[in-house]
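Going by TrEMBL, these are the annotated features:
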BINDING   HIS102, HIS104, GLU109, HIS149  Mn(2+) binding site
BINDING   HIS104, GLU109  oxalate binding site
DISULFID  CYS25-CYS40  disulfide bond
DOMAIN    54-201  domain 'Cupin type-1'
SIGNAL    1-19  signal peptide
Amino acid sequence: MAAKAVLLLLALLPFSSLALNQDFCVADLPRGDTPAGYPCKPQTDVTADDFYYRGLGTTGPTINPFNIGLSSAFVTRFPGVNGLGISAARVDFAPGGVVPLHSHPGGTELLFVIEGTVSAGFITSLTNKVLTKTLYKGDLMVFPQGLLHFQYNLGNDTAVALSSYSSANPGLMILDFALFANDLPSDVVSKVTVLDELEVRKLKALFGGTG
């Protein structure tokens, strides 16, 4: 049994050592994503621009109806983070702005408040306990990988936060869009959510769903 375990470990070594022996693996985006991440751009083609990104310097596009601006530095926009287990995003909360319940299937999030006052929390998977904190300028909060979490602006002025992630591509699933921006028939959504079908139809209309 031990011999089999050693053989299995040896079989895996070429793959793990390849990652360890490379300084970096700039994503070759045109070649497409794979379960192991993006293929590496030839190092002869790598430039300093691959490791530089200024997209978080200004407010990102507004996401309606949540009244927030979001800009991200995931691998699809910042190829230099490919394989490095890190990425970032910026959120600008207008007064009343909210980042609704969402999850990142591929990474843990660390939120840092730059300006304003933000309420933030997540829901545990074992007991459905909600853990919330009020965050002020300079505060940090961590959201474990895959758990539903949220943030919203508590103040009357714009709040700004920067998030970092333990993955180059943490993914994003916003619960409202998952439930109401799809083409699942409204009566089915009503059954699986125990929501009134008329309310489901209203929400589908709001979020652009069909069915």
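Here the Cβ of each residue, glycine as well, is placed from N, Cα and C on the backbone.
TrEMBL entries are annotated by machine, without manual review.
Secondary structure of the domain 'Cupin type-1' (54-201) per DSSP, as helix, strand and coil residue counts: 22 helix, 58 strand, 68 coil. Of the listed binding-site residues HIS102, HIS104, HIS149, the Cβ environment within 10 Å is emptiest of other Cβ atoms at HIS102. In sequence order, SER103, PHE122, PHE143, LEU147, LEU148, PRO170, LEU172 are the same-chain residues whose CB sits within 8 A of the CB centroid of HIS102, HIS104, GLU109, HIS149, the residues recorded for Mn(2+) being left out. Of all the disulfide-bonded residues listed (CYS25, CYS40), CYS25 sits in the most crowded Cβ setting, with the most other Cβ atoms within 10 Å. The Cβ neighbour count for GLU109 (Mn(2+) binding site), using a 10 Å radius over every protein chain in view, is 25.
Cα of HIS149 (Mn(2+) binding site) to Cα of CYS25 (disulfide bond): a distance of 31 Å. Reported as a whole number, the C-alpha separation between CYS25 (disulfide bond) and HIS102 (Mn(2+) binding site) equals 29 Å.
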